[in-house]
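Engineer: Pulled the feature table from TrEMBL, pasting it below:
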type	residues	note
TRANSMEM	23-42	transmembrane segment
REGION	144-178	region 'Disordered'
COMPBIAS	163-176	compositional bias 'Low complexity'
TRANSMEM	207-226	transmembrane segment
TRANSMEM	246-268	transmembrane segment
TRANSMEM	280-303	transmembrane segment
TRANSMEM	323-343	transmembrane segment
Amino acid sequence: MSSNSTTHEFPVPVGGVPYPLDFAPSILFAVLYGFMVPVVVYRMVHPRSRNGVLIGTTVFSIERVVSYGLRAHAAYSASARASEDLETYFQTTYSGGFTSIGQDLMQLFRALLVSSTLGGDMVALHNLTPPLVFRAQTRRRDVSEEVPLTAGPSDHDSDSDDGYSASGSGSGFRSGWPKANASASTSMVDVGAQLEDQPELRKTIRAWCAVPGLLSLAVAIMSIVAGSNYRGALDNGSHASLVRSLWYACDTLGVVLLVGIAATAVFAYVKLPRVPRASLLWIIVLALLLATVGIYRITVLTHSTTSLFSMAPGGQNTPREKAAFYVFHVAPEFIVAAVLMALNVRRVFGTGPWGDHLAEDPKPKTEAEEAAKKTTWAGRAWARLRGSKERS
C-alpha cells in the first residue's frame, strides 16, 4: 500500500484500519443491523407506519450491514486491509452516517412542531396529524372498544408501537388541550375543529427550520465529498488539508445543529404546551446521543499520521482507540437508528406520510373550484367513454 510510508501527514482514519481485534465487534454490529432489517421492511410496508421521513435512516441501517460485514472480512484478510478503495469507502460511510440520521431527526422535529399548531380547517388540509387526534382516539377506544372509530383512512388509525400510550399521556401532553369528545362518531376533523389554529406560530416554525434544513443538507454533502477524497489525501498533502478542513466543518456544524435541536426542544417543552412532552424528550435524548458521534470525530481529527498502519498513540489502531470508536461512534448511531425504527414516528411525531415540507399553508378550495373539478373529471370520463363506444 503506497500510504504505508508517506512523506506528508494526513488525517488518521476514523476507526483505524481493520485488524483481527475488529472482527468480533464488526460481526456484532453487522448482526444487530441485520436484525433491524425486518423492522425496516415492516415500517416501509405497514400502512399505519409507512413514511418517507426516515429515508436516510432506512438506507443507513441497510448499508451498515454491508459496511460492517466488509470490515469483519478485512479484519482477517491482509489484501482487503491493504485496499485503499475499501478504506476510502469506510471513511465515506462513517463521515456521512450520523449526518443522514440527523437530517431525519430534524424533519421529525419540524413535523412535530408544525402539527401541534394545526387546528380548525387546517387539520384537513395537511397530511400531518396533531397528537391530540391519537389521544382522543385512545380515549374513545377506552370508553367503547366495541364501536369502531370513524377517523377515515388508516393513516390516522392508532397503533400499539407508538412510544407512549393513553396511560402515559399525562407525561406526553401538557394542559391547554381541549377535552376530547368521548363519542365514537367523532372524526379526526371533528377533533381538529376543537383546536385553535396557530398560523403565525406555524409560519415562524417553518421559517426557523428552513435554515437548519439547508445547513444539514450542506453538512451531508461535505461529509460525503471529504470521505470520497480520502484516497487522494493518502498520496497528496493538499488533498489531506482539504479532507481535514471539510471534516472539521461538517462535524462541527453537525454537532451545533444537533445541540440546537435539543435546545429548541427544551424551549418547546417549557413554552409550547400543545407539543407532547414525551415526543420532545425523545428528540432531546436522540439529538444529544447523536451529537456524541460528532464530538468524537472532532477529537479524532486532531491526530495525523504518515501511515494507515501506524500503531503509535493517536493512529486509531490501538485496542483503546478501537474501543473508543465502537463506544462513541458505532454504538450511538445504532441506538438512535434502532429507536427511530422501533417507534411509529407517524404517531409519536405526527409526521403523516411525508412530514412537513411546505413553505406556507395550503389554501382551501372554494365550492366553485370543487364543482369545476368534478365537472371537468366527469366530462372527460364521459368523452373517453363515448369515444371508446364510437371506435367499437
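Quick reminder: no glycine exception, Cβ is built from N, Cα and C everywhere.
Can you tell me where each of these features sits in this structure?
Structural biologist: Through the fold, the transmembrane segment (23-42) approaches residues 49, 58, 61-62, 64-65, 68-69, 71-72, 75-76, 322, 326, 330, 334, 337-338, 341-342 of its own chain, all at least 6 residues removed from its boundaries and within a Cβ separation under 8 Å.
Sequence-remote contacts of a segment are chain residues at least 6 beyond its ends whose Cβ falls under 8 Å from one of its Cβ atoms, and for the transmembrane segment (280-303) they are 11-12, 14, 95, 97-98, 101-102, 105, 108-109, 112, 163, 244, 247-248, 251-252, 254-255, 258-259, 261-262, 265-266, 268-269, 314-316, 324-325, 328-329, 332-333, 335-336, 339-340, 343, 348.
Residues 14-16, 25, 29, 32-33, 36, 39-40, 43, 54, 57-58, 60-61, 64, 94, 97-98, 101, 104-105, 108, 161-163, 282, 286, 289-290, 292-293, 295-297, 316 of the same chain sit 6 or more residues outside the transmembrane segment (323-343) yet have a Cβ under 8 Å from a Cβ within it.
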Engineer: Who are the long-range neighbours of the transmembrane segment (207-226) in its own chain, taking Cβ under 8 Å and residues 6 or more past its ends?
Structural biologist: 92, 95-96, 99-100, 102-103, 106-107, 109-110, 113, 242-243, 246-247, 249-251, 253-254, 257, 260-261, 359
